[in-house]
């Protein structure tokens, strides 16, 4: 027996080196495989972002012929608020030092007549501050023109945006094929995923790439099977991107509020680790506190619903530390927990608004009231905003475009499967069944993955907003692309579906793996065949954007107008005048300040049925010396009657008479913009025409003492 034991021991000793070597080889092979997958996935993500940035740059060049334009013609392509943002970037570069430039922006009295503003705070000019620092610190003055550097940064951020969406879909599905499909859908539906075509310097084009990075990091952070190093990296990335996002866009805290609601619901149904969720809440609090200090004590952050919700969640956690114990009473208390949080949030927000002086959000609340039909108004600005296309309900064309690219059908399919799976998981949790530590492919329980549940809730909430306001589609559609691509590329989603169908003819795991490769491949080829030729044609076509009338107007102002002149006209045109000439204006296309809103309403009266004396008094009260009448507004023939500027002014001024169901504008005075062109008294007593072309009429405001009728 002893001899037999010795033989067995010797046999094991002889066998162990071979087994150890085989195990080592297998481990090495798995490491190489993982490294190769990670390397090629990262390479594909970065390449996708770079190619998208190059695509945007090429398309922009083809559309505006930037390289062959003079500086004035390039600047005219920036319209409305975009012109204002870029004009401040120019001023920073012209300043003798960066510190002096920042001081002039924070104490700006050279933009709007009779008004000193903190432009950095009021217009969230942190992107321009960063761009100017990078331009000067990198020594780019001798290499690239300021305008190319500026738009290059924005296009680069859009590349990061696409890369972040790629990574998010990849992390969720486990395959970078999902990332490729996300990018393809994003570019094909570019009309509905981004506003970069219409307004390059807009705040969301600077901010949303950081939010996409935050969502990608949050997706990884919420995953169950995550090692310590990866979890710390994701946490740091969430922290940095959350704060940066908040600094880049004045309305960022509203989008973070929607995200916080998603996390709150995720935690309320015990579908995620509570500790992780509350760590994200702490990041919100830190970002709000730091943002409040660095944004010149921005009171809008103190009265934001995000702060009230996070504070309520923290308070409720302190009050109910021992709530989750698996008993029937604890499940009832879970429902009470939701009610408690909502009650504290509303109460706290109400108290903050009572004691914290704020004006920034009042116009937004009034707009929501009117939009929801809770109130009616004749206010010009409110009705003008309601008439904007971005604030209307989405059109049928929007859904048709998403359907033609096959995005909407697959998104609905993925959303339905995920929702049913999440509902099953919630029901199991109510019945007391614990969540599995690790969800395997054969389990078919995609609804138990917290990052998936978060994205389902998040896209539903953003989708509800997009169904109310078309402008919200730019927040929703990118994540529709990501979720749909993840779903069709995820074997777990197909396995979840096959578990319900109870397939027996074919092995469900094998079929799920095949479909997760075959379906996205077929979609990719069909998209390539149908849309790639269109994209190439779009890039090869030379479009023409030329506005000779505006160029002539700006040239005349720079050559003929006195340096101390103040111009009055529509806010959109005033933004362009400020950028192209540097002259002072009486109003700007901004709607976050009560005084500017009132100025815009008053100066828009040049298109109303008011007397020459009334208009003269309004203009001289703002020290305006020149008036610019736009023929496109004066003779506007809008597609929707009642949404033209002159119609809205007639309603606000009470110049509308209703007879037999029809509305008529009535006043004892003619429309000012028409009457002033006739050159008869009393108009010639107050205004002298000094320049005109096909689109614009410029009048000098006379310095008279007595008014003549």
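Quick reminder: no glycine exception, Cβ is built from N, Cα and C everywhere.
The transmembrane segment annotation in TrEMBL covers 38-59, 170-188, 254-272, 292-315, 336-356, 408-431, 475-497, 509-528.
The transmembrane segment (408-431) makes no contact with the transmembrane segment (336-356): fewer than 3 of their CB pairs lie within 8 A, with pairs spaced 6 or more apart in sequence. Contacts between the transmembrane segment (509-528) and the transmembrane segment (38-59): absent, as fewer than 3 C-beta pairs lie under 8 angstroms at sequence separation of six or more. For the transmembrane segment (254-272), the neighbouring stretch richest in Cβ pairs under 8 Å, chosen from 38-59, 170-188, 292-315, 336-356, is 292-315.
Same-chain neighbours of the transmembrane segment (38-59): 151-152, 155-156, 158-163, 166-167, 170, 176, 179-180, 183, 186-187, 196-197, 535, 538-539, counting only residues six or more beyond its ends whose CB sits under 8 Å from a CB of the stretch.
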